[in-house]
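Structure first, commentary second.
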Amino acid sequence: MDYDILIVGSGPAGQHAAWQAARMGKKAAIIERKPSIGGAGLQTGTIPSKALREAAYLASRTGTQGMREASRTARYGVMAEAVRRKDMVITQQESVIVKRLLKSGVTLIPGEASLVDAHTLEIIDSKGVSKKLSAEIILLATGSRPRRPSHIPFDKKTVLDSTSILNLKKLPGSLLVVGGGVIACEFVSIFAALGVEVTVVDSHEQLLAYLSEDVVGVLAESFENMGVEFHMQERVAAVSIEEGRTLTLLESGKRLYSEAVLYALGREPNSQSLNTPMAGIELDQGWITVNDDFQTSVPNIYAVGDLIGWPALASTGMEQGRAAVLHAFAGKTHAMPEHLPMAIYAIPEISWVGKTEKEAKKEKINYVVGRGHFKESARGQIIGDINGLVKLIVDATSHKLIGVHIVGEHASELIHTGQMLMHFGGTVHDLVGNVFNYPTLAECYKLAALDCMEALNKSALP
Ligand SMILES: Cc1cc2nc3c(=O)[nH]c(=O)nc-3n(C[C@H](O)[C@H](O)[C@H](O)COP(=O)(O)OP(=O)(O)OC[C@H]3O[C@@H](n4cnc5c(N)ncnc54)[C@H](O)[C@@H]3O)c2cc1C
Ligand SMILES: NC(=O)c1ccc[n+]([C@@H]2O[C@H](COP(=O)([O-])OP(=O)(O)OC[C@H]3O[C@@H](n4cnc5c(N)ncnc54)[C@H](O)[C@@H]3O)[C@@H](O)[C@H]2O)c1
């Protein structure tokens, strides 16, 4: 065999698999078909969108109306600066990742890989030169791409997906966003904060339909304050490009014109190029099926990251890659954490871990809810976030924390306090008795816990 492990795809999942294999002294290589490593995590998804979000967020903090007050020229300047900063972050991160991989002994092989059999890959480079490499273990981490239905005329300039919108050279005057999910909310935030007139069309009653109304309501209000227009419970029938502008026709008959359209309705797996039938790998609608140890139906072939579907995050892909390699070479069954944190880097951020109220109700759990509002904390007042909220869901019988939902500044960071408490089976009493730094937003955990105690005392009354 040429290698102990061959990893297809250099996104977060592939990188962390390779790094773990190298730390275990294994001969590992990553095969990547794009000229740059990093996948959607670094090149077209997580990091660029977060870098743009940060620039837009800072711009939105200047004056009460943010960039809406600024001239178009000033806004173009902000966009150019945001793109420059995004590209700089990507370059720096790429250098960190490449150095880390090379230093630990991982080989980087350019080219597109496909399966020849359970232990062999064919790799074709950009010049069309083909070679075959074999390994004891093959790990597939080829990720996903935006879903692009054939009836939508994507052109990378006016009708965009989450990849092409990152390469816009010029800020559009208006943007229509199709979808109310994670990608939609993050890009609505970025463009609305930069002063673009944003319109949202979504088939659900509310944005982020799986989350509670009280949490999403804070985000929706922020969007409304930034001038975003909503067409909820509406479906897109067609999108066309007419004389340099777009026309979005809704099933209800409404006609909406905008300079650009972002279509953000889900992602599709990158499994076609892998030639999975050659090794007999099972798929479910293109997504690769794996067991709890990330083995495919062919035991020496593992699959991780977006390629296996939900939760399809950079954060979870990294840990799946590490866990798969541990299982392959050490036989350890590494259970993924039960409580996965989720974050939406909108303006404001939303983050949560554990159950929603809807899920708790569905599972017939007797629970109470407590809220700690940022406006009640000195830090919330100091930083000017008076709409933020920490919401706790607590099992009324065991008093254990079963869900934490945060909306507001630093929600994606604050969530880890709740996540760790849930991991160790902590109760609401641990939060009530804890000492938090003062003044901090984290104190809202204590405020929310005290609110829960009131609800628990009430629920204990005969
Ligand atoms: C706009 C956006 C924002 C996001 N924000 C976040 C966030 O804030 N937090 C978060 O945790 N997640 C976020 N995500 C999700 C995150 O980017 C993905 O979950 C993550 O990148 C998936 O990692 P992966 O390693 O599975 O695949 P990818 O990152 O998609 O990498 C797969 C790599 O495989 C390569 N490849 C494919 N086929 C072949 C082949 N046959 N041969 C060789 N190479 C191949 C591809 O070129 C690619 O480089 C975001 C996604 C998007 C689109
Ligand atoms: N902060 C983050 O963690 C982050 C940010 C951006 C993207 N992501 C990743 O990217 C993935 C994709 O993001 P997204 O916003 O496109 O997905 P999403 O699942 O959040 O939202 C997609 C929306 O499109 C609708 N939809 C999906 N498939 C459809 C179909 N076939 N027809 C009509 N409507 C359909 C869904 O009902 C939903 O409202 C996320 O699931 C996540 O894994 C994560």
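Keep in mind that glycine also has a Cβ here, set from the backbone N, Cα and C atoms.
Keep in mind that TrEMBL annotations are predicted by a computer and have not been checked by a curator.
Binding of NAD(+) is attributed by TrEMBL to Gly179, Gly180, Gly181, Val182, Ile183, Ala184, Cys185, Glu186, and within the candidate set Gly105, Gly111, Gly253, Gly266 the record adds Gly266 to that site.
The FAD site recorded in TrEMBL includes Lys50, Thr142, Gly143, Ser144, and the single candidate from Asp292, Asp293, Asp306 that the record places there is Asp306. When Cβ atoms from all protein chains are considered, those within 10 Å of Cys185 (NAD(+) binding site) total 25, not counting its own. With a cut-off of 6 Å between Cβ and the nearest atom of ligand 1, the binding-site residues Thr142, Gly143, Gly179, Gly181, Ile183, Asp306 reduce to Thr142, Gly143, Ile183, Asp306. Per the record's binding annotation for FAD, residues Lys50, Thr142, Gly143, Ser144, Asp306 show a top Cα-Cα distance of 22 Å. Proximity to ligand 2 at the level of Cβ atoms, with a cut-off under 6 angstroms, picks out Gly179, Gly181, Ile183, Gly266 from the binding-site residues Ser144, Gly179, Gly181, Ile183, Cys185, Gly266. There are 22 other Cβ atoms within 10 Å of the Cβ belonging to Ile183 (NAD(+) binding site).
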